[in-house]
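Read the structure below first, then the notes.
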Amino acid sequence: MAKDVEMAVRNGDGGGGGGYYATHPHGGAGGEDVDDDGKQRRTGNVWTASAHIITAVIGSGVLSLAWATAQLGWVVGPVTLMLFALITYYTSGLLADCYRTGDPVSGKRNYTYMDAVAAYLGGWQVWSCGVFQYVNLVGTAIGYTITASISAAAVHKANCYHKNGHDADCGVYDTTYMIVFGVVQIFFSMLPNFSDLSWLSILAAVMSFSYSTIAVGLSLARTISGATGKTTLTGVEVGVDVTSAQKIWLAFQALGDIAFAYSYSMILIEIQDTVKSPPAENKTMKKATLLGVSTTTAFYMLCGCLGYAAFGNAAPGNMLTGFGFYEPYWLIDFANVCIVVHLVGAYQVFCQPIFAAVETFAARRWPGSEFITRERPVVAGRSFSVNMFRLTWRTAFVVVSTVLAIVMPFFNDILGFLGAVGFWPLTVYYPVEMYIRQRRIQRYTSRWVALQTLSLLCFLVSLASAVASIEGVSESLKHYVPFKTKS
């Protein structure tokens with residue numbers, strides 16, 4: 001398999017994944033957005049692309065930003081949020097220019113992130129990119145299954161607390177909710193590609209706005225009422241809230257949480273491959289990135305700062321599932337339902353590149369197999385069809401990811417480590433190196449030094465966060481009991 005993929009990369013076919021469009025070659029570098037039979041394929045625009053971005057970026061992690069701000073304080077917390085928003089926007093623009101090899105407007109298309117790395121950098125960097133990208137994508141799928149089950153369980157807990165009081169034992173096992181989430185994902189995984197996900201991404205984006213707005217509104221109400229916690233310029237206080245060692249570990253974890261909260265570079269090229277042209281795809285993608293990142297930053301600042309103002313240094317890890325709020329319980333219920341619906345869409349946005357990678361490889365490896373290549377229409381005259389390989393493999397993937405979520409409910413701590421390891425190469429290193437190669441920027445020029453300095457600083461953030469995440473995983477393992485985890 002590795003040899004076949006390597007040959008595909010060398011031939012410019014997209015060894016790591018290929019995406020949906022890689023199985024339907026364009027026959028050149030032009031900007032046509034039609035199949036060989038003349039039917040239009042790429043129909044995406046600024047709005048659909050920004051919806052994909054917002055769905056991918058604004059996860060339920062936005063609700064942990066009050067905790068992250070509490071670890072860093074009023075000065076470093078908001079500054080860090082703005083800084084990583086600017087870094088993400090800038091490096092995403094560099095990556096968008098690499099969608100086409102050579103000229104950003106008329107060059108040959110790269111259908112996936114790995115295609116772009118193969119075209120500009122080649123060699124071992126293609127394989128390292130594949131490892132970072134797909135390990136993170138698989139990890140995200142498992143993490144979203146866990147997070148969705150916690151939010152679903154929070155609906156039960158909110159009703160229980162309302163009925164029996166805030167001191168009642170309302171814990172509930174997560175396993176059932178994970179299984180239900182997995183079953184739902186099996187159905188949505190039958191959507192063939194990214195283009196068919198536009199409506200789901202738009203719905204998910206609306207859901208993310210909804211629960212983020214509810215969290216902001218509840219934080220604002222608590223702040224106005226005066227029932228707030230203690231806040232400081234430097235965050236949690238040594239000797240009062242935490243020890244010196246804990247302060248360092250928690251600060252590193254918070255720094256990493258904020259950095260990874262903006263990460264979507266691993267699917268940027270795949271999103272860009274859904275955009276029609278003209279106008280040039282890189283121009284559309286840069287507009288979508290500006291819209292997506294600026295919208296995200298506004299919500300991040302509101303959730304982080306208002307949440308910290310409301311809860312102070314005792315801010316919970318998740319404002320809605322951690323029960324920083326108990327009332328109105330029906331609003332907490334609605335917000336957690338929104339989180340679950342959003343994660344249904346976000347799961348698909350992150351899994352489609354995985355699905356496309358395996359299916360593209362299989363189609364190239366066994367082109368004569370009807371099991372792999374034949375599409376069977378579900379209803380005569382309708383566009384939706386079933387492919388037996390797609391049905392089998394995607395179902396197996398969802399089942400395995402769900403089982404792993406059940407077996408390792410502390411996986412979000414592991415996901416923090418994977419995010420730490422993947423943030424620097426996927427968000428900063430590869431975009432910077434490809435941009436340098438594309439623009440032929442000479443070594444040791446001021447521009448080259450500035451780009452490498454940015455890369456180095458982000459590497460240090462990733463390294464510090466990875467070490468802090470390992471500490472978090474070791475702590476979770478001390479209290480781990482298989483199949484006995486309650487929310």
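Cβ coordinates come from backbone N, Cα and C, glycine included.
According to TrEMBL, the domain 'Amino acid transporter transmembrane' annotation covers 43-473. TrEMBL lists 46-68, 74-96, 117-135, 141-159, 171-191, 197-221, 288-309, 329-350, 391-411, 417-436, 448-470 with the feature transmembrane segment.
With Cβ pairs under 8 Å as the measure, the transmembrane segment (417-436) is packed most heavily against 448-470, out of 117-135, 197-221, 329-350, 448-470. Between the transmembrane segment (391-411) and the transmembrane segment (288-309) there are fewer than 3 Cβ pairs closer than 8 Å, counting only residues 6 or more apart in sequence, so the two stretches are not in contact. Between the transmembrane segment (197-221) and the transmembrane segment (46-68), three or more CB pairs separated by 6 or more residues in sequence fall under 8 Å, so the two stretches touch. Highest Cβ contact count with the transmembrane segment (288-309) among the listed stretches 46-68, 74-96, 141-159, 329-350, 448-470 falls to 46-68 (criterion: pairs under 8 Å). If you count C-beta pairs under 8 angstroms between the transmembrane segment (171-191) and each of 46-68, 74-96, 117-135, 329-350, 448-470, the highest count goes to 329-350. Counted over residue pairs separated by six or more positions, the transmembrane segment (46-68) shares fewer than 3 Cβ pairs under 8 angstroms with the transmembrane segment (448-470), which leaves the two as not touching.
Within the same chain, residues 65, 68, 104, 116, 231-235, 254-255, 258-259, 261-265, 268-269, 272, 281-282, 285-286, 289-290, 293-294, 296-297, 300-301, 304-305, 308, 427-428, 430-432, 434-435, 454, 458 sit at least 6 positions outside the transmembrane segment (74-96) and bring their C-beta atoms closer than 8 Å to a C-beta of that stretch.
Proximity of distant same-chain residues to the transmembrane segment (141-159), defined by a Cβ-Cβ separation under 8 Å and at least 6 residues beyond the stretch ends, is recorded for 59-60, 170-172, 174-175, 177-178, 180-182, 185, 318, 320-321, 323, 326, 329, 332-333, 336-337, 339-340, 343-344, 346-347, 350-351, 354, 397, 401-402, 404-405, 408-409, 411-412, 415, 487.
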